[in-house]
Amino acid sequence: MYQTTIKKSVELVGIGLHKGSAVKLRLEPLESNSGLIFYRSDVDVAIPLLPANVVDTKMATVIGKDGYVISTIEHMLSAIYAYGIDNLKIIVNADEVPVMDGSSASFCMLLDEAGVVQLDVPKKIMRIKKEIIVQEGEKYVKLSPSTDLKYGFTIKFPHPVIQQQEYVLNFTKQNYKDEIARARTFGFLHEVQYLRSKGLALGGSLENAIVLDDKKVLNPEGLRFDDEFVRHKILDAIGDMALIGMNFVGNYEALAGSHDLNHKLTLELLKDAENYEVIELVDEKTKELEKAYA
């Protein structure tokens, strides 16, 4: 199996979650060993996708360089990871990726339009060799060795609609599209009101998020899945783990995980080369892994 990029450039326009302004997103092919590179066309700044370039994880994953940032990258990255794309230029003309409907479904459709093409250099993946855990009180995120890739997530909210939800994704591209991609981000009405008072979440609406008051979901169409909340947490986790820089084989597990804990997990993983092994997908032993991205 070889490294990939997209067949042709594609673009879309959507609303930025925090500023509420229109943002154009454009994806362009890159050659082998380029990696994923974000580019802000409004200020002519390129920001490679690296854990060291993460500058904020409070409400979204934010990367930055030389004082310029790009926010809310995790939904876009989640789709890119699920499609197994290794090399891509991601261009925005503002300081955030458009939120679209709050899921990664629009980005999956954009990648379907672009198409995926193999290049001339073997694809590299990371095999997790040791268990790595980052814990804060009851909350934790963990990676452990496995022969495949699973994402398991548990959330607990003192809300009658959410309560405790658990989900395990046996990762393949198709399973991701069927089970995860349409799950939307969510928030509580009192949080949205507070953020807007601070000049944030100006683009947030029932069109791009699940919003809950103290008792119910306010979106008139309801939920896409009964457990849409935990499914979206897996969507976020996949996007955050893309900061590793390549697809990996191992189990991801989280209890009340967050962007911040996911970032700390990638740093903990990468700080010791004994934690992982980078392998090239070049022989019969890797055929099963290829099926995941078919």
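Note: Cβ is positioned from N, Cα and C throughout, glycine not excepted.
Keep in mind that this is a model prediction, so the values were computed, not measured.
So that you can see what the record holds, here are the features copied from Swiss-Prot:
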type: ACT_SITE; residues: H259; note: active site, proton donor
type: BINDING; residues: H75, H232, D236; note: Zn(2+) binding site
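What Swiss-Prot annotates, mapped onto the structure for a quick look.
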| residue | record | Cβ contacts under 8 Å, 6 or more apart |
| --- | --- | --- |
| H75 | Zn(2+) binding site | V97, V99, M100, G102, S103, S104, F107, T185, L235, D236, G239 |
| H232 | Zn(2+) binding site | S103, A183, R184, T185, F186 |
| H259 | active site, proton donor | T57, K58, M59, A60, T61, E74, D236, D240 |
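Cβ-based neighbour count (10 Å, all protein chains) for D236 (Zn(2+) binding site) stands at 25.
Excluding H75, H232, D236, which define the Zn(2+) site, the same chain contributes E74, S78, G102, S103, S104, A183, T185, K233, I234, L235, G239 within 8 Å (Cβ to the Cβ centroid), listed in sequence order.
D236 (Zn(2+) binding site) falls within a helix when secondary structure is assigned with DSSP.
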